[in-house]
Amino acid sequence: MNTLHSIAQLRAALARARQENKRIGLVPTMGNLHDGHIALVAKALQRTDYVVVSIFVNPLQFGANEDLDSYPRTLAEDQRKLLDAGAHLIFAPNVSEIYPEGMDGHTLISVPVVSEGLCGASRPGHFNGVSTVVGKLLNIVQPDLAVFGEKDFQQLAVIRKMAHDLCLPVQIMGAPIVRAEDGLALSSRNGYLGEEQRRIAPRLYQTLQQIQQQLESGRRDFPAIIEEARLALIEAGFQPDYLDLREAETLQPVTSASQDIVILAAAFLGATRLIDNLRVSLA
Ligand SMILES: Nc1ncnc2c1ncn2[C@@H]1O[C@H](COP(=O)(O)OP(=O)(O)OP(=O)(O)O)[C@@H](O)[C@H]1O
Ligand SMILES: CC(C)(CO)[C@@H](O)C(=O)[O-]
Ligand code: BAL
């Protein structure tokens, strides 16, 4: 399994794979890999013959006060994990390979509506950065299939719409959230948590599960449900960023007729921002 840093080298390797009629899969990541990422690789390996994992901490999707500089970069360890997982190729470009003329003035892909609100409201410009880099990665690799985690539920919806609207010839596939034994969704940013914060962190998922139970038992006073859960998060030690119920397919606000709902949350524990979500079917 090679690690390539340039687009030209990558395209040459992919041309060889295509000549052998291999179906190509892509798993875009920012590295510091955990079992959630490895599950995406496994899903791609089940459906394609040649799996490329990109590792790129994309500066275009980070806000000015976010953790771009401190984001964990662990290439050697990631390489070992991907070799064990059976991936075929790592694409780990430098920032100058992806943005040779810099990021100012770069063409942006902007996906309306679905990228507004939720993480889009808290992280202005974030989804333009994500859509632009994913659009570039899809053009560079030209995979048959690309796999993304449902942990970043809104991101997956944004990428699906981008691929649809731009007629990109790729299948976008979601993969379920992989969790620690105590329920915490695996995330590279969990590594920022101190011992006490790590003990509190699973309360985020537990709060989503409590909301799920209330919806399943027939409660429909959505604002009250959300407010109670928000207060429970604060009581547990979080600073909630958002907690919301949306239509799972469209991310539009729920109504009393909604049947396929997703509970979405982002909350800070100290300086660490965690996200999670849980889908509820009321059909
Ligand atoms: N626990 C998880 N289960 C399933 N997929 C995941 C999980 N965590 C991340 N992913 C997916 O892995 C891909 C790469 O995500 P990324 O490298 O940002 O990892 P991350 O752990 O989510 O990091 P961050 O802490 O930045 O959110 C995305 O498609 C993301 O949804
Ligand atoms: C999809 C992605 C790799 C684009 O930089 C990133 O947003 C992520 O890791 O979820
Ligand atoms: N997992 C999404 C990437 C980010 O938070 O920037």
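Cβ coordinates come from backbone N, Cα and C, glycine included.
Note that the structure is predicted; figures quoted are calculated from it, not measured.
What TrEMBL records for His37 is active site, proton donor. His37 (active site, proton donor) carries a helical DSSP state (H, G or I). Sequence-distant contacts of His37 (active site, proton donor), defined by Cβ-Cβ distance under 8 angstroms and a gap of at least six in the same chain, are Val27, Thr29, Val53, Lys81, Gly149.
Residues or ranges marked as ATP binding site in TrEMBL: 30-37, 149-152, Val178, 186-189. For Val178 (ATP binding site), the Cβ neighbour count at a 10 Å cut-off comes to 18, with all displayed protein chains included.
Counting every protein chain shown, 23 other Cβ atoms lie within 10 Å of the Cβ of Gln155 ((R)-pantoate binding site). The DSSP secondary structure for Gln155 ((R)-pantoate binding site) is helix. What TrEMBL records for Gln61, Gln155 is (R)-pantoate binding site.
The Cβ neighbour count for Gln61 ((R)-pantoate binding site), using a 10 Å radius over every protein chain in view, is 21. Sequence annotations record features per position, and here TrEMBL assigns beta-alanine binding site to Gln61.
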C-alpha spacing of Gln61 ((R)-pantoate binding site) relative to Ser188 (ATP binding site), in angstrom: 16
Pairwise CA distance, Leu33 (ATP binding site) versus Gln61 ((R)-pantoate binding site), rounded so that it is a whole Å: 19
Cβ under 6 Å from ligand 3: qualifying recorded positions of Gly36, His37, Gln61, Val178, Ser188: Gln61
